[in-house]
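Notes follow the structure.
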Amino acid sequence: MGSSGLLSLLVLFVLLANVQGPGLTDWLFPRRCPKIREECEFQERDVCTKDRQCQDNKKCCVFSCGKKCLDLKQDVCEMPKETGPCLAYFLHWWYDKKDNTCSMFVYGGCQGNNNNFQSKANCLNTCKNKRFP
């Protein structure tokens, strides 16, 4: 197959990606887990150990002091504050995009979302230097 054959194949993949949606492009160009250094006061319980344990094509990534299912198309720093339905009392931090700062909140200990950090330093390290439109 010459260079024109490869070019035709590439054009076909691009067209299929536009028609089929993100599934094909994710297969061709998989997204990677974020690499963020964090200092953890304690190791959190892992939600997953492998990608197949995550729903909705999320990836199992080391994030915020434990393994969690992340939607790599969604920025955790843009998620709202969620305390979760449980009644524990953990002082955690979340990133408020509107104010461009990390604020303390009471996390109930379960569920919620991934905009949830053990320390202000971890929150700032993950979210502060991002450029938002």
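A Cβ is built for glycine as well, from the same backbone N, Cα and C atoms used for every other residue.
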Check your understanding: Based on what Swiss-Prot records, which one of CYS61, CYS65, CYS69 is disulphide-bonded to CYS33?
Key -> CYS61
Revision key, fill the gap. From CYS86, CYS123, CYS127, the residue that Swiss-Prot pairs with CYS102 through a disulfide is CYS123
Revision key, fill the gap. For CYS40 (disulfide bond), the closest of the disulfide-bonded residues by C-alpha position, picking from CYS48, CYS86, CYS123, is CYS123
Practice item. Other Cβ atoms within 10 Å is the metric here; tell me which of the disulfide-bonded residues CYS33, CYS54, CYS61, CYS77, CYS123 scores highest. Key: CYS123
